[in-house]
Amino acid sequence: MNPNQKIITIGSVSLTIATICFLMQIAILVTTVTLHFKQYECNSPPNNQVMLCEPTIIERNITEIVYLTNTTIEKEICPKLAEYRNWSKPQCKITGFAPFSKDNSIRLSAGGDIWVTREPYVSCDPDKCYQFALGQGTTLNNRHSNDTVHDRTPYRTLLMNELGVPFHLGTKQVCIAWSSSSCHDGKAWLHVCVTGHDENATASFIYDGRLVDSIGSWSKKILRTQESECVCINGTCTVVMTDGSASGRADTKILFIEEGKIVHISPLSGSAQHVEECSCYPRYSGVRCVCRDNWKGSNRPIVDINVKDYSIVSSYVCSGLVGDTPRKNDSSSSSHCLNPNNEEGGHGVKGWAFDDGNDVWMGRTISEKLRSGYETFKVIGGWSKPNSKLQINRQVIVDRGNRSGYSGIFSVEGKSCINRCFYVELIRGRKQETEVWWTSNSIVVFCGTSGTYGTGSWPDGADINLMPI
């Protein structure tokens, strides 16, 4: 090949390579522009629809990086929109309960600024769990903590922290409330907050951080609600509220709420005679609550709520090992599913139970008369057989010598089933402990387990003599 031919050949090859590179650059440019505009096409509405001006909850925000000849292209995957929870999975099969969380609020109050609280509970959004309580508008090491044994003052607010974080000075005050309930519908939190005069209180309904609705007292005698989580199914949340006598006939209503707006109110129906402080859980496709009869029964009332047609059915837990305090001893106590047992019916304490086929899991104070100690167990046939008393899988959560208090249920959705968990309020201070002038609490939390477990006792643990007066 002569020199001229070599020059022509080299020139041709160079021109070909240059052309290929030019085409590749054009392809890269087109791809970059296409991906840049395509990310804005996600979930765009048809031309005949209006895009609603509402906040979007982003669950995932994934960035993929693709390398092409030293050019970086970022492609953003469209975020999946949050969906309402439907709680359609089955209930987890459990053998008992395992320790989950303890906040040690009273012990920490001996040397730090921790809120004075009572009426705690736990509820979870799809990602994490939170603890709630009704604060008294003061920390424990503060003269305002004097006489905080009282339930209803205008200074009480609903506090909210991630589970396991005590209520420190930076805690969010969600609303003004001396009675409350909270739940997450899959998109946002709903808070039901009751405050005001005993004879004319107001319940505010706060959804996604905004006041959406309210309702006033209908019986003019201490409007009150669950003091534990409400339940939302497919966007409809239910909350049980009572107004009227705490030791006689009262007026209980079940409110149905969608994104903070009351859409229906159903009166209590069925055989339950007195219903307060319900502990509710999803039982697809409805909601089931186990409550407190403060008038006639030491057996606990059941309220079944149909979310679709707003119908209500009520009865009592069948187990002859009853769940309220005070109560008769186990050899003398009874329950026949339909009516209050008229045994130690006055007074009572918030508690919980849940069905497991024909059986029932339940928790209660160990003491029959006082809010001290705490135990859980399963009663064979306790959900369906009148006066059933065969107890298995008993666990001590707090030993008899230490104080307990309210307790309630909350539900956690796993990959394949819905687990039931409970918390126990560990009350300290007045009225029983007169060395101090305050009344407050810490909590301990357990969740259902299908595994094995050991034994123990998890009391509050604060030495009252080391506490601020």
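Quick reminder: no glycine exception, Cβ is built from N, Cα and C everywhere.
Computed from a predicted structure; not experimentally measured.
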Per Swiss-Prot, member of D309, D324, D330 binding Ca(2+) alongside D293, G297: D324
Per Swiss-Prot, cysteine bonded by disulfide to C183 (from C175, C193, C230): C230
C291: disulphide-bonded cysteine as recorded in Swiss-Prot, out of C278, C280: C278
Per-residue Cβ crowding (10 Å cut-off), top of disulfide-bonded residues C183, C280, C447: C280
Largest tally of Cβ atoms lying within 10 Å of a Cβ, found at which of the disulfide-bonded residues C230, C232, C278, C318: C278
N402 (N-linked glycosylation site) - helix vs strand vs coil (DSSP): strand
In the chain carrying N402 (N-linked glycosylation site), residues 6 or more apart in sequence that have Cβ under 8 angstroms from it: S372, G373, L426, S457, P459, D460
Glycosylation sites compared (N86, N146, N200, N234, N329) - the one with the fewest other Cβ atoms within 10 Å: N329
Disulfide-bonded residues compared (C92, C124, C129, C291, C337) - highest count of Cβ atoms within 10 Å: C291
Recorded positions near C291 (disulfide bond) (Cα-Cα within 10 Å), from C124, C230, N234, C237, C280: C280
Disulfide-bonded residues compared (C289, C421) - the one with the fewest other Cβ atoms within 10 Å: C421
